[in-house]
Amino acid sequence: MLEVQPIQAFEDNYIWLLTEGTGTAVVVDPGDAEPVLELLYQRQLILTAILVTHHHFDHIGALEELAEAFPGVEIHGPADRRIPAVNRYRREGQRFVPAGLSTAFEVWETPGHTATHIAYLGAGCLFCGDTLFTAGCGRVFDGTLDQLAQSLDRIAALPDGWLCYCAHEYTRANLGFAEWVEPSNPALDRRIRQTQILCAKGKPTVPAPLALERATNPFLRTREPQVIAAAERQAGRRLQGSHEVFAVLRRWKDEQYDLRRWKDEQYD
């Protein structure tokens, strides 16, 4: 059975450690080598494969050091010149079994946050990097808003029990924006209370089931009347379709909510 353990890195990153009780391990999006090596040595595990979702440094910064510590390690990732350490290129629809595991993973191309972003799906787990966050989604860098909306539509169709293993602990902040959009959503109220309890205990709020994301994440709820109404009030006009609603929400969060949070934090 696949066991998934979080490794905290930097201020809010999660690197995911995958094991099956065989003495070998796979990690997802290792931006920092030190906590990965520390846990591997502590648990006496041999690193046999790495899964990379995209090229941002906080997801790939440890590749060379880990490859040096574990010669021959498989490094799976998109064909992107910005990730030169990749030695197993992955593209849409491929199924593969990483070295050291028996679990098969399927690759989805999930552009938007970046143009070459991919996700890995296996054993009811979605390793989605910075495409979908708990209660939110990634910003758009070199992808497009329409690409990101399509990627999220696809993820939203996964079964209820699938778990979202995103790469950052952003839940609490994302729920603040979700409350701006849907202040009368009772499922959102319950999630905010549950998240506050977890955070007070210093526990991760990730992973989260897709059913919870569909009930509380505004970026997966762009066809819901209350979300559409909020986006249209923000835009000051009628919106045509869920992708236009998504674009307004993403810009609203970028330009107002995130900026306001940043300003507030300067005086904390």
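Every residue gets a Cβ built from N, Cα and C, even glycine.
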Need a hand: TrEMBL gives ASP58, HIS59, HIS168 for Zn(2+) 2, which of ASP130, ASP142 is also on that list?
ASP130
When the number of other CB atoms within 10 A of each residue's CB is tallied over all shown chains, which of the binding-site residues ASP58, ASP130 has the maximum?
ASP130
Secondary-structure category, per DSSP, in which HIS59 (Zn(2+) 2 binding site) falls
helix
So how many other Cβ atoms are close to HIS113 (Zn(2+) 1 binding site), meaning within 10 Å of its Cβ?
26
Taking DSSP three-state, what's HIS168 (Zn(2+) 2 binding site) in: helix, strand or coil?
strand
Looking only at HIS54, HIS56, HIS59, HIS168, which of these binding-site residues has the biggest number of Cβ atoms within 10 Å around its Cβ?
HIS54
